[in-house]
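One structure below.
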Amino acid sequence: MLSMSKAVKARAHTWYTIDMEKGVFRFNKRLCPRCGSVMAYHKEPVPRWHCGKCGYTIFESQAPRQRPSRGR
């Protein structure tokens, strides 16, 4: 349980970008295509988006590694 001495930081305002000229706001995070929940971004060990509710994972594409030639 949280003690009263610890302050809880509000993070919800970082999830949106507001464009005042157009009068629109945009959600910065990804939504899960399977269940619709908000997905978390993980940098380590492999960059990916992961849904904690259903387990769906989207791996970010990386530059393909070149295989060494076999000398044939």
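Cβ atoms here come from the backbone N, Cα and C positions, even for glycine.
Here's what Swiss-Prot has on this protein:
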| type | residues | note |
| --- | --- | --- |
| BINDING | Cys32, Cys35, Cys51, Cys54 | Zn(2+) binding site |
| ZN_FING | 32-54 | zinc finger |
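Those residues of the chain, other than Cys32, Cys35, Cys51, Cys54, with a C-beta within 8 angstroms of the mean position of the Zn(2+) site C-beta atoms are Pro33, Arg34, Gly36, Ser37, Met39, Gly52, Lys53, Gly55, Tyr56.
Residue counts for the zinc finger (32-54) under DSSP, split into helix (H, G, I), strand (E, B) and coil, are 0 helix, 7 strand, 16 coil.
Mean pLDDT, taken over the zinc finger (32-54), works out to 93 on the 0 to 100 scale. Counting other CB atoms no more than 10 Å from each candidate's CB, the binding-site residues Cys35, Cys51 peak at Cys51.
Ranking the binding-site residues Cys32, Cys54 by the number of CB atoms within 10 A of their own CB puts Cys32 at the top.
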